[in-house]
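Single-structure report; data block below.
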2 protein chains.
Amino acid sequence: MSSTSSHVGPVVGVVGAGQLARMMQQAAIPLGIELRVLANTQDESAAKVIVDTRLGDYRDLAVLRDFAAGCDAVTFDHEHVPTEHIGALTDEGVQVHPGADALVHAQDKAEMRRRLTAFGAPCPAWRAVETVADVEAFAAENGWPVVLKAIRGGYDGRGVWVCDDRSEAAEVVATGIPLLAEAFVPFQRELAVLVARSPHGQGVSYPVVETVQENGICVEVLAPAPGLDPEDAAQAQRIALKIADELGVTGLLAVEMFETADGLVVNELAMRPHNSGHWTIEGARTSQFEQHLRAVLDLPLGSPSLTAPYVVMVNLLGGDDPAIFKRYEHVMAHDPGVKMHFYGKEVRPGRKIGHVTVLGTDLDDARARAKHAAVYLTTGEYT
Amino acid sequence: MSSTSSHVGPVVGVVGAGQLARMMQQAAIPLGIELRVLANTQDESAAKVIVDTRLGDYRDLAVLRDFAAGCDAVTFDHEHVPTEHIGALTDEGVQVHPGADALVHAQDKAEMRRRLTAFGAPCPAWRAVETVADVEAFAAENGWPVVLKAIRGGYDGRGVWVCDDRSEAAEVVATGIPLLAEAFVPFQRELAVLVARSPHGQGVSYPVVETVQENGICVEVLAPAPGLDPEDAAQAQRIALKIADELGVTGLLAVEMFETADGLVVNELAMRPHNSGHWTIEGARTSQFEQHLRAVLDLPLGSPSLTAPYVVMVNLLGGDDPAIFKRYEHVMAHDPGVKMHFYGKEVRPGRKIGHVTVLGTDLDDARARAKHAAVYLTTGEYT
């Protein structure tokens, strides 16, 4: 292993070369950790900033085995690597984090619900369904609307259908996609809890945040979640740490929750750095990317404490005009404190191409500043 | 120029691939700026983290010309590029920052003293000297000891000799190195002011810091300089901004000063990110590396404000044991808030291999935490 070498740091292999791997590189550089990335093409976000970029198909075990050789740990930019390959690598002695037994719960929503229900994490009513009759039976018990979710492969609102009646459900069932039915949760707002857990079992939770979604895509994150009852915040953190522990997660776990009149309900899990944690780059003493690297290398975890009373992150979704850079000048001149993040990705309408972060003492002011920067950068409109 | 391309950011070429270029990459990644680096070997600190690494000799104009082709701006990791080459590139339309007319004052200490004296910046008595008789004449006016400095090429205490008498001066003169004589300044402590100036003339100053030197090497930086009179702090910032303006500096300028019973005296200048500004990575809203990139691209400058009441940076100088990484575990477990920085350099005794930064509300506590981490990381001793 390279960590026994005298003058280089450990090598961490990251499967997938999107913006998460790119932002890991920002954290890896100061720690002297050498990142290696498995990309599809040399043009991908992380491939542009990581010297040791290898090209190959993450669905091919031979490719993964070759990629892992010489790595002190292997982790992921996305959750699509087949768990049987992860299990095979682990059996061969590779440190893969998260492991197959944990990651399956981020890949398979039915498996996730089964497990969470088993140890008492708060879930909506749910049932795997195959036919329209199954959905109708579920609705008879839990009422319409019924939320149908693709058991595998959904993200950013894709693979989720809120069905008001039988005919809408029938259309979804007709796709042939394996489905999970969930009771519609009348939530007040959406929260997210990001925790880290290391192989030796240390756990750390970041402050609970509020996430604002539009069309199923996260557009804004407020840290900490404004006005959240401290008891509820502690309960949310306990739930997330419990899930990480029960599932044996190593690395980061993001738990998306609904806040309802009756308490908290777990919505989704992600086992990697998460959009709801991008604010930590400037807003926490340890960014989620550094935390993930510490965890997968089984190093002690860093402080998750806030660096300002409020931190606001707004996603940049590509607009019609791809010329982002020419708009830096206004934003930088207008607000010397706004932090801009671009992922080096080609601008396409609706695509996540970056984010902005603003720290402040007044929440409304910080939100307005972040919004102004994001709108101007993506559209050129002065709000 | 690549900035007119639709989906990539600007390209900044950095001549030299040491730790300063490496830390620039941390700042370039989120801004979507593509760094290109001119290295001597692929093993250098920045070459390990910058994909577009070119190998070549920075003293060769043809190499520089080829390197600069396609860059939106060219800047430096060190101050050794011949100013005639910089002038030639500028004449050919390359945006080089700092420019030759400014940089000469960082390369040539006699030129620096001449210019600073001309516009009234506070300097010690000084004179270019060639013979022992010249030194004796200078001492007759200003007293012993006399500080002899190599006019070109010194750094980290090298090229500086404090001579108590004629015979010590004679030894230095005998080396044949072109020399500057300066009156010895009985200082109370050393301060540094880091400012940025952009081509369109915007200037920003970071808070004044105290630097602690051992054997001519900076070992610790305290931000802000504790107990500094606000009037003196403002005066120090005015002096540094004035120097940047008078010399036409573009990019960063670090001004090292002595605090004396009679006021401030300018000691040295550096025109690049500087060791006295490494604390800004976590300790200021805009790091010196981001600030430098903004300045050389003529973008508006970022906020230099502190992120905590006190920030302490301690350099890591290589010890006898090169196995730094095995000591991460203790430091991370002992203090989840300490920020470690390694430059990916082979450990050699006395070599700057990294630094640690601690933020806090109590200066003594922050100093103790940073010291503990630095001593343990470099020696394995628990203090």
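Glycine is no exception: its Cβ is also placed from the backbone N, Cα and C atoms.
Of the listed candidates (A:LYS149, A:LYS326), TrEMBL assigns A:LYS149 to the same ATP site as A:LYS109, A:GLU182, A:ALA183, A:PHE184, A:VAL185, A:GLU190, A:ASN267, A:GLU268. Neighbour density for A:GLU182 (ATP binding site): within 10 A of its CB lie 22 other CB atoms from the protein chains shown. The secondary structure of A:PHE184 (ATP binding site), as reduced to three states from DSSP, is coil rather than helix or strand. The Cβ of A:GLU268 (ATP binding site) has A:LYS109, A:VAL255, A:GLU256 as same-chain neighbours under 8 Å, each 6 or more residues away in sequence. Take A:LYS109, A:LYS149, A:GLU182, A:ALA183, A:PHE184, A:VAL185, A:GLU190, A:ASN267, A:GLU268, the residues named in the record as contacts for ATP: the widest Cα to Cα gap among them comes to 19 Å.
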